[in-house]
Amino acid sequence: MHWIKCLLTAFICFTVIVQVHSSGSFELRLKYFSNDHGRDNEGRCCSGESDGATGKCLGSCKTRFRVCLKHYQATIDTTSQCTYGDVITPILGENSVNLTDAQRFQNKGFTNPIQFPFSFSWPGTFSLIVEAWHDTNNSGNARTNKLLIQRLLVQQVLEVSSEWKTNKSESQYTSLEYDFRVTCDLNYYGSGCAKFCRPRDDSFGHSTCSETGEIICLTGWQGDYCHIPKCAKGCEHGHCDKPNQCVCQLGWKGALCNECVLEPNCIHGTCNKPWTCICNEGWGGLYCNQDLNYCTNHRPCKNGGTCFNTGEGLYTCKCAPGYSGDDCENEIYSCDADVNPCQNGGTCIDEPHTKTGYKCHCANGWSGKMCEEKVLTCSDKPCHQGICRNVRPGLGSKGQGYQCECPIGYSGPNCDLQLDNCSPNPCINGGSCQPSGKCICPAGFSGTRCETNIDDCLGHQCENGGTCIDMVNQYRCQCVPGFHGTHCSSKVDLCLIRPCANGGTCLNLNNDYQCTCRAGFTGKDCSVDIDECSSGPCHNGGTCMNRVNSFECVCANGFRGKQCDEESYDSVTFDAHQYGATTQARADGLTNAQVVLIAVFSVAMPLVAVIAACVVFCMKRKRKRAQEKDDAEARKQNEQNAVATMHHNGSGVGVALASASLGGKTGSNSGLTFDGGNPNIIKNTWDKSVNNICASAAAAAAAAAAADECLMYGGYVASVADNNNANSDFCVAPLQRAKSQKQLNTDPTLMHRGSPAGSSAKGASGGGPGAAEGKRISVLGEGSYCSQRWPSLAAAGVAGACSSQLMAAASVAGSGAGTAQQQRSVVCGTPHM
């Protein structure tokens, strides 16, 4: 049996392996191809000829298709191998082709849809190339000397399904409609067509297949391959070759093979397993053929005789009175001396005229037809519960010599039967039955059987029209509406449930209540809001908003007032905005105070933000201006220090440097460009004009006349001759205190007043020792210094000379030539010869 199963399994596996050769196919169904202009993918005419005037192609295309199916590619390579296959069709038409008529193209060897069978598990993705070519010589190669009309590239995820997926591709000149799908071959199932299942009903299996390819056994078959039949239900010791069959194993029998076969020759026995013999009661022996209880099995004694087993299948019978024989089969009809029918010393008397032919006179204490019954007397105490009385035999109960008087609850000849006076129970309504049959009634009932319900309403009166209802050992008052309590003495207060809504006041009435409503509400329970808008109080197109005990009018543009009966003097825009916001807020259920608060905040918050922005802007601007002012003052202070340095040096070189720095606007815009080796000069990179050193008092008047021609703020540079005079009005303009945080040039050597020795030409050119002997002037000196020292210059209001004249003055001073008048002329720009 085992080798048959192995052979069956091997055959099935071999069949499955051999038949897995193709699992499904990809199908492409071409439907419509349109190329109305007869052009290729580059816009050229397929025929190569066109109308010169209209540009219309004169000829038509001869269209064939090439289809290539391959594995999924993120970027489709049109030149690589078609891994799933490719198909080249014959010429199917000209410019436009209707491919839905499959019968039309069968003669050309073209089958639509185009199928690409595969013998692997479908991966779920694909790449498809569909090309339309123009063929001029109807060759088999679609790409040789042909023109490409259209190329379609498709890459998609596609599941196995019998439904077609419709697509359409359009280009500048062409369009193509097509369908595609993937289906499994017959007997292949699953998402990849990889599960094989073939229906069969033969010796190798009996099954069908589900939609997913699972094996489903036919009725009556089971097993992995549905090759095992299901035997009849209850078949215990059997097998089957067909469904619902039960072929018994050796030693079993019956429809369900549940009966064992007895040992051969077993007569009076059973079995619980094959080939056994279990003897029935009264039988023994190897085959259960020996009778061990003849009396029980055969009952040989008749006429009431008693049988006794004597062993080995033998027995004896004890006959009842009046009978005789081995089996007590003979009835006695006379007083035979050998067989006396009367027992217990009874005397037999022949009476031929009777049926039995004799009669027995029993001895004292016995009775019965054959004197077989003992006569009892009171001495035997036969009465169990009663009183015993001796009587003559035959007069008592059943011929006995006594008679019993039974007490209540007992009966029977011997008072041994207890009477059940409570069965069935005579007491009703829950009464308790006593052994004597008397009923003890529960409270509320009376009578022999507790059948009477005591009227508990007697002596109890219900008030206010209530009705008394009698109950078991109690009563209940059914009150009329409006009253309650045990005797209906209390009035129902319907106001306890607070039926009045919206603050209404409740007044209790008889079985009713009355609500006194607040202003603005009405109804039985004050739940109805009175619509104050029902009368149309709003005029001039105003919208009425119902309120509690009031109304509110949302006025149209141009009107105001409680009822919109006044013309509005506010702007239309403001009214519309205000009332629109108010309407929306009130529609949202806000109170007037909330609406006002929201309106104030909606206006105030943007205003506060604008004010804060303005304050920040002004503070920044103020800081910027203060910074610029401090920077300007610092620059001015540094420039004055620079001029003072030139005066201190007293040389033509220093003046020339000052002229170059102060008058160099035609050069670079770098401002002051003193020698970087001079530590006493701070360079000015802003190229601003500075206040120069004052000239002599005599030059002040001439400077005032030439002030208009100066480009700077008007000032003079002293000549070398003036420098030689110790009492000259020449001085350095006083320096002002700088308010700027920037560092100033406070070198103490800058502000020494020139002495006669230090102001000589030698000192100017060589820087003699007199330069260090003059009085030191503090950088932070008083502002009145120059005005006290040179009152004439202060009166003229001259601060300095322009940079261009300063250069000329420096030249004259450096050479030592020219008079003071010439020097002044050069400085102020007035030519004097």
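Quick reminder: no glycine exception, Cβ is built from N, Cα and C everywhere.
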Swiss-Prot annotation: C231 disulfide-bonded to which of C217, C240?
C240
Matching range for Swiss-Prot feature annotation, region 'Disordered', among 30-60, 650-680, 743-773
743-773
Residue carrying N-linked glycosylation site as stated in Swiss-Prot, selected out of N167, N421:
N167
Among N137, N649, find the residue to which Swiss-Prot assigns the annotation N-linked glycosylation site.
N137
Bonded to C506 via a disulfide in Swiss-Prot, from among C495, C517, is C495
According to Swiss-Prot, which candidate among C515, C517 shares a disulfide with C500?
C515
Give me the CA-CA distance between C82 (disulfide bond) and C495 (disulfide bond), in Å, as a whole number.
93
In three-state DSSP terms, the structure that C555 (disulfide bond) belongs to:
coil
By a 10 A CB contact count over all chains shown, which of the disulfide-bonded residues listed here is most packed: C335, C360, C479, C564?
C360
Please list, in sequence order, the residues in the chain of C348 (disulfide bond) that are at least six apart in sequence and whose C-beta is under 8 Å away from its C-beta.
C335, N340, P341, C342, Y358, K359, C360
Structural state census, the domain 'EGF-like 3' (291-329) (DSSP three-state)
5 helix, 14 strand, 20 coil
Rounded to the nearest angstrom, how far is the Cα of C506 (disulfide bond) from the Cα of C68 (disulfide bond)?
92
Counting across all protein chains, other CB atoms within 10 angstroms of the CB of C319 (disulfide bond) number 22
Applying a 10 Å Cβ distance cut-off over all chains shown, what neighbour count does C450 (disulfide bond) have?
21
Cα-Cα distance linking C564 (disulfide bond) and C46 (disulfide bond), given in Å to the nearest integer
82
Cα separation, C495 (disulfide bond) to C61 (disulfide bond) (Å, whole number)
99
